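Data first, discussion second: the structure below is written as structure tokens.
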Amino acid sequence: MNQLVAPAKSLDKSKTPGALFSTLSIPIAILVLVVIGSVASPSFLTVNNLTNVLNANSAVGLIALGMTFVMVSGGLADLSVPANVAMGALVTLGAQESMGTGLAALMGLLVASMGGVVNGILIGYLRINPIIATLGTGSVLLGLSQLLVGGGIVYAQPSALSTFVKSSILGIPVFIWIFIFVALILHPLLARTSFGRWSLAVGGNYQAAQASAVPVRFTKAAAFAMTGFLAGLCGVLLALSNGQARPIIGTGYEFVAITAVVIGGTSVFGGNGSVLRTVGGVLITALIGNLIILLGFPSQATGLITGAIVLGAVGIDAYFRRKAGRL
Amino acid sequence: MKNFDFALLGTRAVQYRLVIMLVAVAVFGGLSLDDFLTVNTLQSVLDRATVVGFLALGLTPVLIAGQIDLSIGSMMSMAGITTIFMQPVIGNVPAAAAGVAVGILIGAVNALMVVVFKINSLVATLATLLIFASLALLLTNSYPLSSEDPIFGLPLTADFLWILTPRSAIFLTAAVLMFVWLKLTPTGRNLYAVGSDAPAATSSGINANGYIATSFILSGFFAGLAGMMQSLSTAAGSPVAGAVMLIPAITAVVIGGTRLEGGRGSSLATLGGVLALGALTTALEYNGVPSYTQAIYTGLLLILLISLDRIVSGHGGASSRAQRSVRVAPRNTPLPRRNA
Amino acid sequence: MTTESTPAVALRMTGITKSFPGVMALQDVDLEINEGEVHAIVGENGAGKSTLMKILAGFYQPDKGEIEVGGRKATHWTPREARSRGIGMIYQELNLVPDLSVAENISLGAMPKRGPFVDYRAMNAKAAAVLDELDTDIDPGTRLGDLSISQQQLVEIAKVVARQPNIVVFDEPTSSLGDKETRVLFDVITKMRDRGIAIIYISHRLQEVMEIGDRVTVLRDGRHIETRDVAGITPDEMVSLMVGRDLNEMFPKFDLELGEQVLSVVGASRAGQFDNVTLDVRKHEIVGLAGLVGSGRTEVARALFGLDPLEEGTITLAGKTVKIRSPRQGVAAGVALVPEDRKGQGIIPGLSVRENFTLPVITRITNALLIFLGKERKIVTELADRLKVNPPQVERPLNVFSGGNQQKVVLGKWLLSEPKLLILDEPTRGVDVGAKADIHHIIGEFAQDGGGVLMISSELPELLAVCDRIFVLHEGVISAEISRADATEESVMRAATGQEVAA
């Protein structure tokens, strides 16, 4: 028997067209976009342009990183993101005068994280459908944030922190550094830690994970708490760098983040996914947005093109998966 | 045992939530406003609830079939701008029909994505939400279109019959017809079967894909109807008219008691949810509560009801949950199908 | 034997060949089923039984071969066509819709109509008639999801019977039934047979085949091996035909000196499930927990592991009294549970064998931050080798493995947690003969190494062969404790059905 058990580990996993598609699709897509971009416009492949693109997408990218954990753990999606972004931004600017920028920013983070924790309790512990729960909390939090500022705009006061947020280190804007930093923490968190393994297990089969002594409720709740925190961080950073904030500051961010995660290839049903792939997804969505502008399309076309790409990517993935499943 | 009465109370509260809500709104409105409990108010509540109502009604079969449609708002916007844009081109009535047809067409696109390309409905309709919201902005260059014949749509919201306006009458009729279809005809029952356990339904010879596709097309039809009526009665086709409608529509359906996991729900329950939500909104508005504060109340209500439902149905302890998990097991483990 | 008139052939499948990419699933298989016979089909998992049945049901098209039903050749063989030609399938997994009523389920796909509406009166009457025929008192108006699993199984049968089929396939129908329900099922099958219906009966339980079958066909590796009269074959012969070799020791039993107490449960209760259960397991000992489905066996197991904690009673593990209120506490206390519902609660299908193996103990191979991937791989490869996981590719997702191998992985993941007490709930259900022997071997080794085992099984011969002692549950109460020497199928069954309450 034992002689037959030769290590045949690597034989099968990478050879199917589906697996090949899913490993190579992201780098290829990025490459294709870069090629199209450099052909289409001389200003595309410049440090300046690319830095701007990344800078503009780091905010929503942060949320996509959190949303990856939500989807992987079978939490479908967090639709309360815009509310938590608004909370983070408005609390920061609203409290700036009374408690100073640093503390105000912390307050903003705290309040948004609280929103995430509430989501986590409702979804992880009370086991309410995530779509409903986050629609509800989103509605409440957005209302509260508007109540807070009476529905209008809040302006920032100049501060050292906002100067820092707007600055660059080694020629790369702080915004991008923060995104890279968070991604570098979250990638091993999902791929290499017990918590990451738990997330994959909870998303893969909730009951079996529970019966394997995985802290299922905590794991699911933590994903939402994390996303709340990151949405808050996004809000704080946006408010400080823009110098103003309105309640609609994060509108649509939930969809962009979901799009990035899905383009990255994480299953909406949970059980698989990776932060690195989400980073790829964020890059792809960012480049598409940039190309649309450089190619002279109206900016309203962004949704149309991203939507079409989501359908294409997920459709092809589903096709390969079905084909592989038939073996 | 000592929790028994509390549990019963909770169960009843969930069961009769619509009645409780309507009564509470009536009492609150009646106390806080002099002219709240009038036929006029009732007419207004009904009429204003119609647009969200159509969307919610269209969403009901989709949810019963175990799917979700996030694109209803975008479909509504597209239908609205089509209606207004086509008015001078092909005449008022054909333009209205064209608006509804656009809804049906986008519904068919959703159906195609879900049924043929096997894309999860959450993702597929998220994508079409983005695509058609974006298209609506592109087509109109982000400005609302105004109608060349603003008079044509006015009768829709005029007095019709006692508390009804023509469009609320259509809405009520549609809800009742859908109820009859869902509860009393074989195809209606089959829809529940598909949502409750699609593989089992398929093995009984039910064309599950056909039912799922139909539910998306119906959703498109009702979103088209909502967009057409909204644009005609306001004499404007706004590219963002539908964007804010998704959350109230889902809230109404869920308050009514239709389950997101499929297999349960009814159009009359949705009707109840729409009315309760509409009454609450109107009462708050009459009291001068700003719309963002209303959103707080709606959101809280949604969370409260759904948590209560969860807690009450989870009552009786983990024991029933364990038994249920055994019972539910075959649902999670579909029969050996082609890909086994 | 006698020269009766030859019975009419209900179904003839000739030269059926079916291959999937890389696998020859069926090769030139012939099968002939007569009207009014119960024809058993046996074979290991992967022998081709289910592929053959899926071809019969129209889900697969054969590459070659012909199907003849009632003397007529079958063309355009689709599930719909198969159904309309009178073929009914009863799978071990239920094909029912939890949110509809029993009557609606029975008529699903063909509800009686009056005008455009469902004729509820006719539908309920039809359901009542069929349920009555099956000797059950299930109310046709009940929501299906509110029934117990074994009642649902009967509804499943009623659904097929209601279509008045001439050929009925039972695929592992008794796996979720208790003895009483199995008796009812056999009565139903006999009645159907006597009415001239051809029955195909697929089961791993050879005793059942001996009891209910008229003829038996053995498949192995996608080929037809033999068709014999059941009267002229013994279970041992069947087994050797199935595996192609003699399997002289199906249940190996190590004789070991029993050690000190591993588990002692006193007065354990959960309202509505079990009451005042007292039992113990010693080191090196395999203790059986017998009882009918619904007797509280699974509930006791879940409670000891912490899935549904005890309401009253004490648990003592290796001399220490412990509180187990969650699976985490269960694992910490040294308890492991291999659950009954493998697909639902045992495996994470999308994760690899490696990730499944280490799930409960992942925190133990982690430093302050990260998992030691190298160490994990080493542990897992060794374990897969020891448990003979086949194919030995630990990076493949678990859902591509056979049921028996999945079960080995579930067992293995709990062995890794190094429990003092291993609880097994139906560890070999739906597992083929070869894997079953492997699993028994693993369990035996665990006991040999000093663990205690509490094992639940509906298969009495298995319990009798493996266990040192058997506790019997009847309606949530321990009705007997039987030593290995005194344990017979009769003694256990009497206690399980409440006919004998021993001290």
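The backbone N, Cα and C atoms fix where each Cβ goes, glycine too.
Look at TrEMBL and you will find B:16-33 (among others) tagged as transmembrane segment.
Summarising the annotation, TrEMBL assigns transmembrane segment to B:45-65 (among others). Beyond the transmembrane segment (B:45-65), the same-chain residues lying 6 or more positions past its ends with a Cβ under 8 Å from any Cβ of the stretch are 72-73, 76, 121, 157, 163-165, 167-168, 170-172, 174-175, 178, 182, 191-192, 194-195, 211-212, 214-216, 218-223, 225-226, 229-230, 242, 245-246, 248-250, 252-253, 256, 258-260, 262-267, 270-271, 273-275, 277-279, 281-282.
Among the features that TrEMBL reports, transmembrane segment is placed at B:72-90 (among others). Distant neighbours of the transmembrane segment (B:72-90): 51, 55, 58-59, 96, 98-100, 102-103, 106-107, 128-133, 135-136, 139-140, 145-149, 152, 219-220, 222-228, 230-232, 235-246, 249; these residues of the same chain sit at least 6 beyond its ends, with a Cβ under 8 Å from one of its Cβ atoms.
Tertiary proximity for the transmembrane segment (B:96-115) is limited to same-chain residues at least six positions away from its ends with a CB under 8 Å from its CB atoms, namely 67, 69, 71, 74-76, 78-80, 82-83, 86, 90, 121, 124-125, 127-128, 132, 209, 212-214, 216-225, 227-228, 231-232. Sequence annotations record features per position, and here TrEMBL assigns transmembrane segment to B:96-115 (among others).
Only residues 6 or more beyond the boundaries of the transmembrane segment (B:122-140), in the same chain, are considered here, and those with a CB under 8 A from a CB of the stretch are 68-71, 73-75, 77-78, 81, 85, 106, 109-110, 113-114, 237, 239-240, 242-243, 246. The feature transmembrane segment is assigned by TrEMBL to B:122-140 (among others).
Packing against the transmembrane segment (B:160-182) from elsewhere in the chain are residues 39, 42-43, 46-47, 49-50, 53-54, 57, 60-61, 64, 188-189, 191-192, 222, 225, 229, 233, 266-268, 270-271: each is 6 or more residues past its ends and has a CB under 8 Å from a CB in it. The feature transmembrane segment is assigned by TrEMBL to B:160-182 (among others).
The transmembrane segment annotation in TrEMBL covers B:211-229 (among others). Only residues 6 or more beyond the boundaries of the transmembrane segment (B:211-229), in the same chain, are considered here, and those with a CB under 8 A from a CB of the stretch are 50-55, 57-59, 61-62, 64-65, 67, 69, 71-73, 75-80, 82-83, 96, 99-108, 110-112, 114-115, 121, 153, 156, 167, 170, 174, 187, 190-191, 194, 241-242, 245.
The transmembrane segment annotation in TrEMBL covers B:235-256 (among others).
Positions annotated as transmembrane segment by TrEMBL: B:268-286 (among others). Sequence-distant contacts of the transmembrane segment (B:268-286) (same chain, at least 6 residues past either end, Cβ-Cβ under 8 Å): 18, 21-22, 25-26, 28-29, 32-33, 36, 41, 44-46, 48-49, 52-53, 56-57, 59-60, 172, 175-176, 179, 248, 251-258, 293-294, 297-298, 301.
As annotated by TrEMBL, transmembrane segment applies to B:292-312 (among others).
Counting residues 6+ beyond its ends, the transmembrane segment (B:16-33) has Cβ neighbours under 8 Å at 41, 255-257, 269, 272-273, 275-276, 279-280, 282-283, 286-287, 301, 305 in the same chain.
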